Structure formats: structure tokens, C-alpha cells
Amino acid sequence: MSGNNESRLILALDVYERERALKIAEQTAEYLWAIKVNWPLIIGSGLGIVTELKDATGLPIIADLKLADIPNTNRLIASRVFEAGADYIIAHGFVGSDSVRAVMELGKTIIVVEMSHPGAKEFIQPATDKLVELANRLEPFGVIAPATRPERVAYIRSRLNSEVKILTPGVGAQGGKAGEVLKAGADYIIVGRSIYASENPRESARRLYEETMEV
Ligand code: O7E
């Protein structure tokens, strides 16, 4: 099963079980640009799932580790995860440019500049301008911004270098709408529960894919 280069849909594959993850990935791959692997799947199935998902789907794999440590520890973690076949790693920017650079020296990196949940307003949103400046300086592949607040995505887009992509979680289960956030300037939407927890993941992915194609 091969993926779709024109797709703007990323599957957040937040299940524990290896078999279930591989099945959903194969069913939905046709409609996806990439698969995002987060701690639940790594804890449940081991880091080898990254290689297995790549082999099964041919899709890029985003390791969503939200790395937030000193440069040396970020480097120790990221080197093994890139070796396992991850194409991108997500890192937090608030720990500072040296920590982010340690990941960027090893491979393509995505920096969190604002998160999608209500609590993001407490500490992360007040720092978003500085995190966007950091991204403009370091020029990572992309940044994470909230699909739950399209107006913030538009704001971040207006301040961010145009070559840096915006990836937005929060569509579906968290209330965000695919069309709205893509119109606001997102390049990709990241969707988890609305696909993997639905009765028919393939059909849910297809519908979301069609929605993104209409924008
Ligand atoms: O709500 P869902 O089920 O569609 O899943 C959303 C996924 O995106 C899930 O893996 C969650 O950990 C992640 N996410 C957010 O929901 N909000 C954020 O602000 C950031 C992420 C994310 O992908 O982090 C990358 C740093």
C-alpha cells in the first residue's frame, strides 16, 4: 500500500497494539501524507513499530516524542529514533535553541509553537511569538499549531517564514474543523480519534481527505 504525496492528512496513530496499528495504517494509507507515532504506540509496541509502519505503508513517519531535554539527552534519543526509520521528530522549542539544534543536526525536525488543548493558554501561548522567532531562526521542516484555534494559525502563518510548514492537531475529537484550519494557513492536519476510533477508519480517512481536497 503506498501513500499519497498530495494529501494534507496526517494520521495520529495513538493506539497501543501493534496488530491494530498496522491494520489501521494499511487501511488508511492511500489517503495519508504521513503517519504520526506518539508515546502510546511506542510504549505499547516498541520502537520497532516505526520500521514496521514504514515497510507496510511506504509513508513518512513522524515521531511525536515532544523532546524537551538538554541537548545531549535530546541527541541520544533522536539518534536512535532516526536510526529506527523516523523521517521527522517533533521537539519542544521552549527548552531553547541548543536543545532543538541537537535534534535538527540529526534529521528533519518539527517544533511546537502552540498546542491545541485549553491549558496551552497558560504557558505556551504567551511564548508563541518567541517560539515562532526561534523557528524563523532555525528553519525546521515545520511547526505545530492548534487546529482548535484557526485565528491563531492565521496569526502564526503571518509571522512564520513561508518555507516553514504548519502542522495542526485538534481536528475532530478536539473540535477543530479541517476546512477552517487549512483556509487559515495550515499545510497539514493531524487527526487521531476521528479516524482510528471510528467504526470504519478507511472511510473516515477518505472523507477527511476529500474535505482537505476541497480547500
Ligand atoms: O485529538 P486526536 O485524537 O485527533 O489526536 C491528536 C494528536 O495530536 C494526538 O497524538 C496528540 O498528542 C497530538 N497533539 C495534539 O492533540 N495537540 C497538540 O497541541 C500537539 C499534538 C501533537 O501532535 O504534538 C506534536 C507536538
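Here the Cβ of each residue, glycine as well, is placed from N, Cα and C on the backbone.
Please treat TrEMBL annotations as automatic predictions, because they have not gone through curation.
The structure displayed is predicted, hence computed values, not measured ones.
According to TrEMBL, the protein carries these features:
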- 8-208: domain 'Orotidine 5'-phosphate decarboxylase' (DOMAIN)
- Asp14, Lys36, 64-73, Ser116, 169-179, 192-193: substrate binding site (BINDING)
- Asp64: active site, for OMPdecase activity (ACT_SITE)
- Lys66: active site, for OMPdecase activity (ACT_SITE)
- Lys66: active site, proton donor (ACT_SITE)
- Asp69: active site, for OMPdecase activity (ACT_SITE)
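Structure with TrEMBL features highlighted.
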{"residue": "Asp14", "record": "substrate binding site", "DSSP class": "coil"}
{"residue": "Asp64", "record": "active site, for OMPdecase activity", "DSSP class": "strand"}
{"residue": "Asp69", "record": "active site, for OMPdecase activity", "DSSP class": "coil"}
{"residue": "Ser116", "record": "substrate binding site", "DSSP class": "coil"}
{"residue": "Gly172", "record": "substrate binding site", "DSSP class": "coil"}
{"residue": "Gly192", "record": "substrate binding site", "DSSP class": "coil"}
Cβ contacts of Lys66 (substrate binding site) (under 8 Å, same chain, 6 or more positions away): Ile90, Ala91, His92, Val112
Where the C-beta lies under 6 angstroms from ligand 1, the matching recorded positions among Lys66, Asp69, Ile70, Gly172: Lys66, Gly172
Between Asp64 (active site, for OMPdecase activity) and Gly176 (substrate binding site), the C-alpha gap once rounded to whole angstrom: 20
Gly172 (substrate binding site) CB neighbourhood, other CB atoms within 10 A: 22
Within the predicted model, mean pLDDT of the domain 'Orotidine 5'-phosphate decarboxylase' (8-208): 98
Around the Cβ of Ile70 (substrate binding site), the count of other Cβ atoms that are within 10 Å: 13
Residue among the recorded positions Asp14, Asp64, Asp69 whose Cβ has the most other Cβ atoms within 10 Å: Asp64
